[in-house]
Amino acid sequence: MASEEKTEELHPFTDIFNEDETDRNCLLSKPTCFIIFGKPGAGKTTLARNIAQAWKCIRVEALSVLEEHIAAEKETGAMLQSLLVSGHSIPDELVTKLILEKIKSPEVAHFGYILTEMPSLAQDNMTSLKQIELVKNLELQPDIIINIKCSDYDLCQRTCGQRQHSTTGYVYTREQWDPEIIESRRRKKRDFPKEGKSEEEEEEEEQEEEEAFIAEMQMVAEILQHLVQRPEDYLENVEITVKLYKELLLSALEEVMAEHNPQYLIELDGNKSPEELFMTVIERLKYLNVRRAAVITKLQGTEEEMTDIIDTEELFRTVSSYKLIAPRYRWYRSKWARSCPVSLKDGNIYSGAADYTVSFLGKMYCLSSEETLKLFSLNPRPFLLPPMPLPPCKVFIFGPEHIGKTTLANLIAEHFKAKVIDYAKLVQPRFDSAREKLIKDTITEATNTAIKVVQQRLLNEKQAKQQEERTLKELQVQYSKREYNDFLSKSSEELPSLENTGSKLSSLEIGQEDKSKSETTITGDQVKDVSTEESIEEVTENHPEVFAILEDTLRHAKELNFEQPHDKQAEILEEVIKETEDNKNRFPGAPKHGGWIVENFPLVRELWLSLIEKALLPDLVVYLSDAESNGKHVLNRLYLKNKAEIDGKILERLQEEAQAKKREEEEIRKVKEEELRLEEEKQRLMELATKKSKGRHRLTTLVAHHLALPYPDYPDNEAEEEVEDSEIHEESEAQEIPEYTRGSSLPEASETSETPEGDHEPEAEFKPPGDTAVEAETEKDPKEGLGSEDLLKVMLPEFPEDGYPNVPEMEPLKEVLNNHILSWKQLEQTIMDNVVSTLTVDVSNKTPQELLQRVVETMERPFKYSAWELNAEDYEEEAEDYQAETEIDEEQEEEEEEEEEGEEKIKEKRRHMGDTKHFCPVVLKENFVLQPGNPDEAVKYREKIYYFSSTEAKEKFLEHPEDYVSQNEPLKAPPLRICLLGPHGSGKTVCARKLAENFGIFHIQFDEFLQEKMLLKAERKFGPEFEDDSEEEQLVKQELEELAAQANVKIEEDTTKKQLPDVQLTEEEEAIKLSLTDNEPLPSEILDSILSEWWLKEPIRSTGFILDGFPRHPEEAQFLGERGFFPDAAVIIQVDDQDIFDRLLPAQVQKWKTKQHKKLERKKLIKDLKTKIKEDMVAKRRAELILEREKKRREDGTFRDEDEFSDEDADYEDDIENILEEEFPKDEEEMSEEDEEQEADATERLRNELGEKFETETNNIQSIQDEFDKVLIPIIMVNGARKMHIVQYVMNMKLKPLVENRESIFEKCYPVSSHLAHKMLSYTYKHMSSFGYWDPVKLSEGETIKPVENAENPLNPVIHRHYIYFLSNKQTKEKFMMNPIKYIRQPKPKATMPVRIMIVGPPKSGKTTVAKKLASDYGLRCLSVGDALRGMLNNHPDSELSLMLNWHLHKGKTVPDELAIQALDISLMESVCNTIGVVIDGYPVTPHQMDLLEARSIIPMVIFELHVPSKEIFKRLLLEKKTEQSMSYPLHNSSQIIAYKNAKYHKNINEIRQFYQKQHQNWHVIDGFHSKWWVWNEVLKDIQQMNKYIQTYMKKIKEGKAACIDKLCITPEELIARLGEFKQFCPVSLAESNELIDCSVTSSLEFAAEFRGHYYKMSSQEKLNKFLKDPELYVPPLAPHPLPPDDLLPKRLTLSELKSRFPKCAELQGYCPVTYQDGKQRYEALVPGNIRYALEYRNCIYICESEEKLQKFMRSPMQYWNQKLPRKLPPLKESIHLTSLPLPGYLEQGTATSLIKAMNAAGNLKPKLPFLSVRRSVLLYIAFHLKAFNPKGSEYSRKKYKKKLEQFVERCELITYLSSKMTRKYKEPQFRAIDFDHKLQTFLSLKNIDPVTG
């Protein structure tokens, strides 16, 4: 449809629609960088300081960089400090290095820089050219170049007047310290006239000035004695520095500025004050729409400091009002919420502190520490750019075995590009290895210790043994000696006592000796350790004693563990995580830490505490549970995992039970068999007893013997029966079991495969074990006598497919599951105590993707914008904002208007609504219906308010708000849906049909829709207006049919109607019928089925409709609100009852008349039928009576004469008549007429009916309106009493905004003051739109001049979403606010240059009027040379130029043009001239002035010459003198002066005009004789056209495309200098057809274009369009044909050049080479050339036949140059006079062509003039034709004979016309053709007239 086609053609948004994308674009944008050029002392540093302070960029200067490094007290700073302290200067190389490092710093990467000292005059380390190349190659290249211009004289005077304070180091200018200058400034200010002030105000102002002057003089007196002049400020030093600058840097800097984009080159007048320079730069930056660096603002309140324990909600609510931008514009919450963005970038989720909260891009960010705050403040971009905020992905997954942990972990890892750490596979093996290593080391250490102990013991034993042997030997020797001596000296009696005493002494001595010897031995042993050790045997780990020592150690080695095993496990886990985090290939921008998921982590509390100590806690703990199904799914998976083992145990148990049962059954069987045997034996015995009576005693004895045997304890009979019954029952059940059960038999042990270990998920498709029947063969117990071949059939118990068998074998698994749950509950409390987020997910009936979605949502929820219900605090904030706004807005007119609306409406109007405005977003998304939300059900999301239709809708939005808001484009609005209401007869159907046609939507008439539904079945319409007629017609039809049948008459078909079918209506149809007939409301069920098709089903759903006549009742309106079928608006047509009477009553009366007429006709027809029937019946009865009489006579048998019974017959006739009258009496209708309703009564009755219906409908409409007001449906009232086309127009105008502004139906704009708008931009609270200060509305209307903001034309800022738009006036503001989407869907504004216009013309031509009009409407500077001179003298009186001007003026001389142009050039550097533009009035007027302007490169975009005749000039002068007031001095407006000026102007203007037309093609002549409005429109049209050319050129060049250079003031010299490889030949023609088309024949640039810095000229518009579309195809390297060298290019020769080539002869002996080649080199194609068409190619001369042939050769010389003549040439042609030819030849050479044309025309026309022969007629026609088309005849002659020829043809056509119109019979004049008489008279008048002269 049309709407869809329109959507496809929509232009993309100028500004990014998505707010997050806008912030991302801002973060990715390059910061604005400045560089300032200028002479030393021009003020670069001061200007840089001011710009850096205002623009928030970093000032990169040597001094500031050095001070920063020294203050940092780092290594570089210490080195710099030492150099300075030692008195050395810092090397230039080091300074340059530090500056470059500063430029590459993160701070500069965000804020940008402003550079002033590169390039520098220092050439030792690096030349100026190298410095410039260094600046050009910077990563952040300068965007804005500022050039401060100042003359050498002015700069030297200013610099040498500077003084420095000896203590503070502050530099003062002469204006600040010189008392004389201060005094002169005071005098000038005092002499300045003060207007509009009272005497008291003047006195107060003078007193204040006097006090300020005294204070300033005191300050000067204090500092004057401390001021010194620096050596560099001496005049001679300044002059040397300036000279050095001009020699070394100026030329190179000029080249840099010439290469730079002129739009971003700002030139300043250095004579202005620093404040003026700064304001000029700021205005220029504002005009250029340069992005300002986004500032970071620390949010800290003046109240008590907040603690970190404060709630997050309270924190944000409190901090958002710190440093408030304005009421209602608080700081927003970011995606990071309270998380620290710097820590999050590192992979740690730390909560930010309240004291470290900052604002950036309008949002709040909480930093966690002073260090993170510092990093964020330097450059927040790396921490905020996508993919941030992103959860670091530190996850622990817990859960029972086989619940799906591995699957979920892998899915999470895949989603977050992370790695899974399986604790059992990666950590536990390492821990086991470490433990084994510990055991091994312990055993090794114990072994070494044991070996040393054994070695030491063996050594000690050996030493002791040796010592003992030595001691024993010594004792033996001593003892033998002493014994021998004692034996000799003493007697035998004293021997025992001596022995005892000697033994004691000897033992004492021996002890002392042993002690001394042992000491000696030890000392000796220490000296001889090596020899001793070598002497003992070698001890190894296999030594028995060593093994005995290690036996206990080896016994406890397996139980050996670390002292803190959990710490060791945590340490290993830390190592694994670190290895995982070292993975650099995760994804770009990934956090430093994180990216891991741990599974199978032990549920050990001590291990978790170790993780806390190691700071290894995860961000999220996921626990997978199966609580919902009570572990059913987990047990199912565990069973499947261990199916073979469990099934085996189940089968084993079942087989044992079956065997036990079998054994029991066998025992019972044996007992029964024994009983049967005994019974049989007893029976046999009894039989024997009866047979043998002799042996009774013996039998009794035998029986008694048998009965006395010890029998087993048999069961009683009942028990036996039960056993037998149970056996039979079991056998029957066994027989009922089919042979093939649900499952398959259990495979044999050899075929069973073991299930691999590990936590792997079972496959989704598997056969439940309950469906499996297992048959097992078991051998019967031989003890029980069972055969080995008997088979026992055992089946596994059945269970659900997703369940498990409830058997005792599952109890261990259940126990394991219960133990896991208990362990988790114990660990869960520990986890929660450490504030780690825990997510418990039930896996029941959930897919892995659903589990992943749940986990991802939980992980990402902290980093998404959250929505919350509007609470009391929000309403309090809104009330505070409203109160603050009321206090601020005092004088606003809008405020006065709003006060009339009421406070609630004002609050609603100012409330910042969400992406669906006041409509419910949930209903919009789900039902595509615009349902107004309930303000009580409000939610705040991203600082915007959303209304909802119900609590359920609000809950949906709170759960997933991002699903219901716009993302990259506005939400699509449903089509227009309108309910049109009005009383019957108000014209709503006509209006609805017209509106539907205009808007392209459906028109639905509700009553007609119901009638159509009924017509399908009942084939008739229902309603009061249809019921009466139909019933009456049926009755009449029935009566007519009966009468016709009686009368035997056939009634015409058109008098009757088709018999309606008798149908059975459904309940729905009965309800519709009742609604139509009795005007009852329809039931809700029927309304729902009908309306849902229009609101919810295609094609009406997406097209829209106008619902005519619905709702009809309040109940139906209430149903619309309850069901959610909301129209956009309800249009109610208001009319009075009289209007209804005037419209409907005439038709009703006419209908009544028609009805009455038909009724009378029916009555007449019925009457006639009844009369005919009566007559037939009377005639029949009469015949019967006569027959009776005749019969009676015959019965009497008497015959009488006629005379006899005439009287009797007469009486009998009377009797018959009487009888007929009695039987057929006359109808009462015939006797008396029925009383019929008269017209007046009918009219009154109809009027009353209409009035009652109107009143009823009006009341219903009022009730409906009340219902619509309740559900907030807009009501549009339209006065329907006016003419219908006016009502339609009014209705169309009221509904048109709903259609035209449909795409902006959800958009809301908020106007703000200009001050607030700029404040928001400075804080980067809102973004400047791509339109900058362009008016989007005017831009869409074709405006090319940017509006300017001043006191007279203030801009109107408007906030739309996250951008600020500046509108030029209130009208455009209203347009934009009504449909902002329309105006932001347009191309971005093209780059503009300041408009520079000159207007020249004679005096009184209107130059100044046009110039002032341009200045007032567009803000241009209106400048004349006099204004420039006066501005120079007033603003810079001490400058060199002002001194020179005063020198000339004081001598009474005129200012020389050179000085005037210099003053004009300085004036053109003003801010307005460089931003908006300038219009120069009345300049230049002499060629010299023109040359000076050209030398200064002052080239206007366009020059307007107002051409006014001299007579008009003096006429305007006289009118001006009549109206002007008399002045005290004479004016230069006398007629003589004006005449002199006019003459002087006309004398010089031609030369000036020719110069600009030739050089710049920018001269436009305007006819000034017209009105000033006509002149203004013409000037404006030309300016707009020129602006479009320039803007298009700049846009295409910036995009790297080809652009047309027409009307760009390019001089021929510049064109030649920048021509491309093809010079002035068309590259398109050369590429496509290999033709050389020289475009230098014309100087026009209409078909010229620029591409890659070169100019190319094309031959036509078509070629230009091709080149502009694909320029790469026509220039190298893709160009197919290069341009030949100059010596191979053809050159056209003039006659003089041709003569100069003599005696060189022409090629081909002068024959035309083109004609010869095109003629296929035939003999007839040898045509001599004409010397006027000569050319030179390849140093050869060729002569062509004509200009056309010459151009052919010039285009394709290769085709024609190399030809050879044939041997036979045609003879030379001699000239013959035409008159010497014979007549046929003469005619052939002279008039053949014209004569042939005339004869062909005569042959086609076949003329025949009336009353002339054919021959004479043809001759006359040929003669007239020759005269009319004679090329040598005069224009007058040709026109004359053309008229005669046309008259001749018309007269010839008279014969054809009259022959076709005339008839043989006479026709009266009124029956003839209109022109017949005139043409006939003309025909007859030609009889005697000369056809040539007549």
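Quick reminder: no glycine exception, Cβ is built from N, Cα and C everywhere.
Range with Swiss-Prot annotation coiled coil, chosen from 143-170, 451-478, 1431-1458, 1767-1794, is 451-478. Note on Swiss-Prot: of 562-582, 667-687, 1108-1128, the range annotated with the feature region 'LID 2' is 1108-1128. Which of 941-972, 1005-1036 counts as region 'NMP 2' depends on Swiss-Prot, and there it is 1005-1036. Among the binding-site residues M118, S120, V990, G1406, not one has a Cα within 10 Å of the Cα of T45 (ATP 1 binding site). Annotation note: G43 (ATP 1 binding site) sits in a coil segment as assigned by DSSP. For the pair R230 (AMP 1 binding site) and G41 (ATP 1 binding site), the Cα-Cα distance reads 13 Å. Taking all protein chains in view, 21 other C-beta atoms sit within 10 angstroms of the C-beta of E117 (AMP 1 binding site).
Regional average pLDDT for the region 'Adenylate kinase 1' (32-286) in the model is 86. Comparing local CB density within 10 A for the binding-site residues T1066, S1405, Q1489, the maximum falls on S1405. Distances between the Cα of V1485 (AMP 3 binding site) and those of the binding-site residues G41, T989, T1066, G1406 are shortest for G1406. When the neighbouring Cβ atoms lying within 10 Å are counted for each of the binding-site residues (T45, T46, S986, Q1064, T1408), the highest count belongs to S986.
Shown are the binding-site residues G41, G43, G987, P1484; the one with the most C-beta atoms within 10 angstroms of its own C-beta is P1484. Checking each of the binding-site residues G41, G43, E117, S120, P1484 against T989 (ATP 2 binding site) by C-alpha distance, the shortest gap belongs to P1484. For T46 (ATP 1 binding site), the nearest neighbour among the listed binding-site residues (G987, L1065, P1484), judged by C-alpha distance, is P1484. Across the region 'NMP 3' (1424-1455), the DSSP tally of helix, strand and coil residues reads 22 helix, 0 strand, 10 coil. All chains included, 18 other C-beta atoms sit within 10 angstroms of the C-beta of G1482 (AMP 3 binding site). A straight line from the CA of G1482 (AMP 3 binding site) to the CA of G987 (ATP 2 binding site) spans 65 Å. Each of the binding-site residues V990, V1063, V1485 was assessed for Cβ neighbours inside 10 Å, and the highest tally belongs to V1485.
Taking the Cβ of S120 (AMP 1 binding site) as centre and 10 Å as the limit, one finds 19 other Cβ atoms among all the protein chains shown. With respect to their backbone Cα atoms, E117 (AMP 1 binding site) and G985 (ATP 2 binding site) stand 85 Å from each other.
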